[in-house]
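Undergrad: Quick one: structure below, then a few questions.
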Amino acid sequence: MTDRYAVFGNPISHSKSPLIHGIFANETQQVLDYEAILAPKDGFESCLKLFWSQNGKGANVTAPFKEQAFNLCDELSEEAKLAGAVNTLTLLTNGKVRGDNTDGLGLVADLIRNISSLEGKRVLLLGAGGAARGSVLPLLKAGLKVYIHNRTQEKAEKLVEIFTPFGDVKALSIAELIAPFDIIINSTSSSLSGDVPAIPSCVIGVESLCYDMMYSKEMTSFNSWALELGAVKAIDGLGMLVGQAAKSFELWRGVTPEVDTTIKLLREKIKSE
């Protein structure tokens, strides 16, 4: 029987994961099935159990189930433990379930694709929700100095408390945003509504790279704003999406897919939709 993989979410029809993993499987000559599964909001656990019983080998998890998936794991990676959420599940040969969080790893991989060196650079991370929390440890491990700004200062300070043992991380109030950063990452959902975070424009300089975790057919509102302010480059989150999927695929199959072609194909598909 063919090994089965899936992405669980609600809603899930928008997911690009089946397309991405299909491309990865073809590229690496892996024989597998990958599907999108709409789990009832109150029935994720039973849905997952059924999947494991029917030759499920691994699963991706998206909203609103990442925290619930975390609680269903027998083992957790360091990234998952600190993120408090899981986006990748693997059924181990002993029957136990391992949880990983590859979101931040995908972000760092995409940053490395676009910048020659991350070591020592100062990054302003906007937002302190799940997307931000899943990114802090990989950013610190990459040698970045992380500064977190959130509308609610206490949330930013909570992340600092969690991640201080792992590197140089600080919370900044809006009054402390007074100079440009090397990298500005928008982990908020502001671009979904065509808005930009309420931050002073001085944080973006002529050598700043700006990164929006959102992606769309057109340039995101955050990236348009950043380029208008003179940012040297603005990148959306499509590469992060493909990057986190590549890390999941590697965990499951033991092979590392090449991401550049997949990003290009996905970009073309999104523009044609």
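Every residue gets a Cβ built from N, Cα and C, even glycine.
Quick caveat, the model's predicted, so the values are computed rather than measured.
Annotations per Swiss-Prot:
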ACT_SITE  K66  active site, proton acceptor
BINDING   S15, K16, S17, T62, N87, D103, Y215  shikimate binding site
BINDING   E78, G127, A128, G129, G130, A131, N150, R151, T152, Q153, E154, K155, M213, G237  NADP(+) binding site
Undergrad: Of all the binding-site residues given, E78, D103, E154, which has the fewest Cβ neighbours within 10 Å once its own Cβ is left out?
TA: E154
Undergrad: In whole Å, how far does the CA atom of S17 (shikimate binding site) lie from that of M213 (NADP(+) binding site)?
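TA: Given the Cα positions, S17 (shikimate binding site) is 16 Å from M213 (NADP(+) binding site).
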Undergrad: For the binding-site residues N150, T152, which one has its C-beta crowded by the most other C-beta atoms within 10 angstroms?
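TA: Of the binding-site residues N150, T152, the highest Cβ count within 10 Å belongs to N150.
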Undergrad: Rounding to the nearest whole angstrom, report the longest C-alpha distance spanning E78, G127, A128, G129, G130, A131, N150, R151, T152, Q153, E154, K155, M213, G237, listed for NADP(+).
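TA: The two farthest binding residues have Cα atoms 27 Å apart.
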Undergrad: Find, for the listed binding-site residues T62, N87, the residue with the lowest Cβ contact count at a 10 Å cut-off, counting only other Cβ atoms.
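TA: Among the binding-site residues T62, N87, the sparsest Cβ neighbourhood within 10 Å belongs to T62.
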Undergrad: How far apart, in angstrom, are the most distant Cα atoms among the shikimate-binding residues S15, K16, S17, T62, N87, D103, Y215?
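TA: Between the most distant Cα atoms of the shikimate site, 19 Å.
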